[in-house]
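K.L.:
Pasting a structure below so you can have a look.
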Amino acid sequence: MGAKSKSSSTRFFMFYLILISLSFLGLLLNFKPLFLLNPMIASPSIVEIRYSLPEPVKRTPIWLRLIRNYLPDEKKIRVGLLNIAENERESYEASGTSILENVHVSLDPLPNNLTWTSLFPVWIDEDHTWHIPSCPEVPLPKMEGSEADVDVVVVKVPCDGFSEKRGLRDVFRLQVNLAAANLVVESGRRNVDRTVYVVFIGSCGPMHEIFRCDERVKRVGDYWVYRPDLTRLKQKLLMPPGSCQIAPLGQGEAWIQDKNRNLTSEKTTLSSFTAQRVAYVTLLHSSEVYVCGAIALAQSIRQSGSTKDMILLHDDSITNISLIGLSLAGWKLRRVERIRSPFSKKRSYNEWNYSKLRVWQVTDYDKLVFIDADFIIVKNIDYLFSYPQLSAAGNNKVLFNSGVMVLEPSACLFEDLMLKSFKIGSYNGGDQGFLNEYFVWWHRLSKRLNTMKYFGDESRHDKARNLPENLEGIHYLGLKPWRCYRDYDCNWDLKTRRVYASESVHARWWKVYDKMPKKLKGYCGLNLKMEKNVEKWRKMAKLNGFPENHWKIRIKDPRKKNRLSQ
């Protein structure tokens, strides 16, 4: 009985197990996903599946966060990356819905023999007596395809050797800045009004000689954001890479380094960049010694045929009587506060020479040609307004002479000049030394524009000390003509001044004087103090036995009879 009951239980359990297995199998065979049963039903499982898919990684580097508010929302941008090392690319590349492409622009290595002094030689053969001056090549990238069409340029600027106490003359730094400028200009070639942003990365920022502070949008730490003016930038690229050559103006094609610049396809002359508001400017401060010189300068500009505005900056040392004469000569007068040279000695000749920095505050003009008040202009030089800042004649070594300069007034530049004037040293304690450390990249003007009345090297001059007839401007060093008798150059009378003496050059200043209106000549008269000095120098020349025997000359200068009372 017990065995029968156990067998019955076993059969029942097996039947129950089979029944359950068949039911489970039926359910499994008839199961369908919900979204297949009814695709119109909004199933949470679909949303969950979509959000679980991996998204592309978005990269928003610092530079993009700084400029994205300036970029158009609807446009996809192409980014040009310059001087970014391969192992740093991931840190600067951007991605996302607004990024079309990251383009890496490579730089060719600089030649080993390319130095700053080879770009800025002491002297060039302007007259082509022995050879035609040429410039060494600064390799720039060849822009092709998408490389020549970017909306943003991101560039790491080299700052090795940077110091707040001096200018940075570095060829690699120049190459990087010129390459950035070239990339911007090429990108805007099809649309001159196009906006291209440049983000410079580096503590020293870009070269202000190429990228102006007026074009700076913002700065955050080592990031400098610029929106450059493409027309101005293009003009910079049309200039030689240094003072190794003078750029021709208004004569056929402008200077172009055609090996690596696509700009050669355009016959663009620099004269097309002439600014609308231009003027000549000079400065008088601390005394009235140069009042006559400034009047003669103004008259020489007018005698050359120029009708451009003439601005004279002056401090309180210039009397009302003198201001009347200066105004009659053609100067528009503006009063300024003089600026002391931080590194000059008290009561030295250059103690207040930094007052020249005030010319950058004349911001109602686009471009100025500054001329020292001891100059005369011999030929029309209005063409200078076609040159960019900073253009000047060479002085020595890699330096320019600040006696004549083409500059572009700017409030932010003046502020920067003032800020750095207390940090950057000056080799001569004056404005010229400081400006040469601030503007290390400059453009050479012809020596004919700023010919100095200096004859230190007798082997380079004839015995008569004549200057060439094709001069454009003469810089009167030494004792000034109006402080001598017109009969001869009184620089001959002093041993230390004889290097500045020349009868013919002295006479050229008096030709300008002779053409002045009579009412202006009185401002160039002799006073008692001046005459005593001249007579003292004549006696010294006699004691020294100088062979020219100028002390024997009978003075006929009419100013001697009509001596000024003061």
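Think of each number as a place in line: the chain as shown, counted from 1.
Glycine is treated like the rest: Cβ placed from N, Cα and C.
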K.L.:
Which candidate from H208, H285, H475, H506 does Swiss-Prot annotate alongside D372, D374 at the Mn(2+) binding site?
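P.N.:
That Mn(2+) site, as Swiss-Prot gives it, pairs D372, D374 with H475.
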K.L.:
When the Cα-Cα distance from D374 (Mn(2+) binding site) is computed for each of the recorded positions K356, N401, D431, Y476, L479, which gives the smallest value?
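P.N.:
Of the recorded positions K356, N401, D431, Y476, L479, Y476 has its Cα closest to that of D374 (Mn(2+) binding site).
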K.L.:
Enumerate the residues of the same chain, D372, D374, H475 excluded, that satisfy the criterion Cβ within 8 A of the mean position of the Cβ atoms of the recorded Mn(2+) site; list them in sequence order.
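P.N.:
After dropping the recorded site residues, what remains is G293, I371, A373, F375, G403, Y476, L477.
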K.L.:
Return one of helix, strand or coil for K356 (site 'Important for catalytic activity'), based on DSSP.
P.N.:
helix
K.L.:
On the three-state reduction of DSSP, what should I expect for D431 (substrate binding site)?
P.N.:
helix
K.L.:
Around D372 (substrate binding site), how many other C-beta atoms are within 10 angstroms of its C-beta?
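P.N.:
Its Cβ has 21 other Cβ atoms within 10 Å.
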K.L.:
Please name the residue among the binding-site residues D374, N401, N428, H475 whose C-beta has the most neighbouring C-beta atoms within 10 angstroms.
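P.N.:
Result of the Cβ crowding comparison: D374.
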